[in-house]
Amino acid sequence: MSKTIAINAGSSSLKWQLYQMPEEEVLAQGIIERIGLKDSISTVKYDGKKEEQILDIHDHTEAVKILLNDLIHFGIIAAYDEITGVGHRVVAGGELFKESVVVNDKVLEHIEELSVLAPLHNPGAAAGIRAFRDILPDITSVCVFDTSFHTSMAKHTYLYPIPQKYYTDYKVRKYGAHGTSHKYVAQEAAKMLGRPLEELKLITAHIGNGVSITANYHGKSVDTSMGFTPLAGPMMGTRSGDIDPAIIPYLIEQDPELKDAADVVNMLNKKSGLSGVSGISSDMRDIEAGLQEDNPDAVLAYNIFIDRIKKYIGQYFAVLNGADALVFTAGMGENAPLMRQDVIGGLTWFGMDIDPEKNVFGYRGDISTPESKVKVLVISTDEELCIARDVERLKNTK
């Protein structure tokens, strides 16, 4: 038996889950937020308890030290050597990483170089990896890449219709993201449907603060909505999703607050989407509250959100030439029944119909009617478990 930590590190946060492997039992989980800021928050959940501390945590190395000390302090482990592996979620692996890998100096260097593809994510992941390697140098660290699952896309799908030199010289192409989540829920959908994954055509919709839709043909990603970076695709919590690229130079010319392309991209990443259009929040619960109050900006943001998701799902019905099931997952996908209802309401032509009594908050499973030609499933994603499984698989190959 061994204990494995699955890590999802952001620029100012470190989310973690500790597993007993190979039993896949969750022993504890938590998150450290506001790293590098005053009043950092460390939350630990274990044995039905919740412990929260307000601390000053200056960087990821301090965060990792606090995490490990908390595991001992709360009696979750007796010593560091009980931990035999650490798995790290890394958003962008580019073309270099087609599967999960054991970390070494070269791997870490490549992850930092690939930050251009995921500037909001890769730097934090690299900081988390470096911190664990410094503190626990003898423990196997594994990187699990969001992009790996999408490396099965055909060249005509992942290339953009621009001169090919930008791909050959600069590797400009579609990479996708959320691959670990899409892979996991597709596997779970096959179990739920009682059919081999290799026979199924699935559309998986990961709808959280980030949103991505994937066309899954016989267990492989054949197309996905996120692109060169996770900014592409449908409207998201704070991200715009797809826009006409000519808007970028136009805004630089027109708005004195936007001095260069980096300013515009920052606005598209952090100040757009549900938050930017509504002026209220990136949280669907707040948007739905605005709908109840007939707030016109909330209504507009919600309608754009639904419209963009429906279009991608419809597009992937064409890519797959039909589908056996549509899967909703992630924060909104799992917990926003109104959103699911309104998305499906625009897709009934494809043979989808949901049971309103099953399409309620907290329900997991098949929410479609018996007559529905395409099954509609709500499945909780578990990226952390996928990461822990890959650590278990790779830790003896170091």
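Numbers here mean position along the shown chain, with the first residue as 1.
Glycine too: its Cβ is placed from the backbone N, Cα and C atoms.
Listed in Swiss-Prot:
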type: ACT_SITE; residues: Asp146; note: active site, proton donor/acceptor
type: BINDING; residues: Asn8, Glu383; note: Mg(2+) binding site
type: BINDING; residues: Lys15, His206, Ile207, Gly208, Asn209, Gly210, Asp283, Met284, Arg285, Gly331, Met332, Gly333, Glu334, Asn335; note: ATP binding site
type: BINDING; residues: Arg89; note: substrate binding site
type: SITE; residues: His178; note: site 'Transition state stabilizer'
type: SITE; residues: Arg239; note: site 'Transition state stabilizer'
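Features per Swiss-Prot, on structure.
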residue	record	DSSP (3 states)
Asn8	Mg(2+) binding site	strand
Arg89	substrate binding site	strand
Ile207	ATP binding site	strand
Arg239	site 'Transition state stabilizer'	coil
Asp283	ATP binding site	coil
Met332	ATP binding site	helix
Glu383	Mg(2+) binding site	helix
Euclidean distance between Cα atoms of Arg285 (ATP binding site) and Arg239 (site 'Transition state stabilizer'), Å: 17
Site extent for ATP, whole Å (max Cα pair distance, Lys15, His206, Ile207, Gly208, Asn209, Gly210, Asp283, Met284, Arg285, Gly331, Met332, Gly333, Glu334, Asn335): 22
For the binding-site residues Lys15, Arg89, Arg285, the one whose C-beta sees the most other C-beta atoms within 10 angstroms: Arg89
Distance, Asn8 (Mg(2+) binding site) to Met332 (ATP binding site) (CA atoms, angstrom): 19
DSSP-derived structure type at His178 (site 'Transition state stabilizer'), helix or strand or else coil: coil
Rounded inter-Cα distance in Å - Lys15 (ATP binding site), the residue listed as 'substrate binding site': 10
Neighbour-count leader, CB within 10 A, binding-site residues: Glu334, Glu383: Glu383
Neighbouring C-beta atoms (10 Å sphere around the C-beta of Met332 (ATP binding site)): 25
Neighbourhood of Asn209 (ATP binding site), C-beta criterion under 8 angstroms, separation at least six: Met236, Gly237, Thr238, Ser282, Gly331
Protein Cβ atoms within 10 Å of Arg239 (site 'Transition state stabilizer'), excluding its own: 27
Spatial neighbours of Asn8 (Mg(2+) binding site) that are distant in sequence (at least 6 apart) but have CB under 8 A: Leu14, Lys15, Trp16, His88, Arg89, Glu383, Glu384
Nonlocal residues around Ile207 (ATP binding site), in sequence order (Cβ under 8 Å, 6 or more apart): Ile309, Phe328, Thr329, Ala330, Gly331, Met332, Gly333, Ala336, Met339
Residue with minimal Cβ packing [other Cβ atoms within 10 Å] among the recorded positions Asp146, Asp283: Asp283
Inter-residue C-alpha distance, Glu334 (ATP binding site) and His178 (site 'Transition state stabilizer') (nearest angstrom): 15
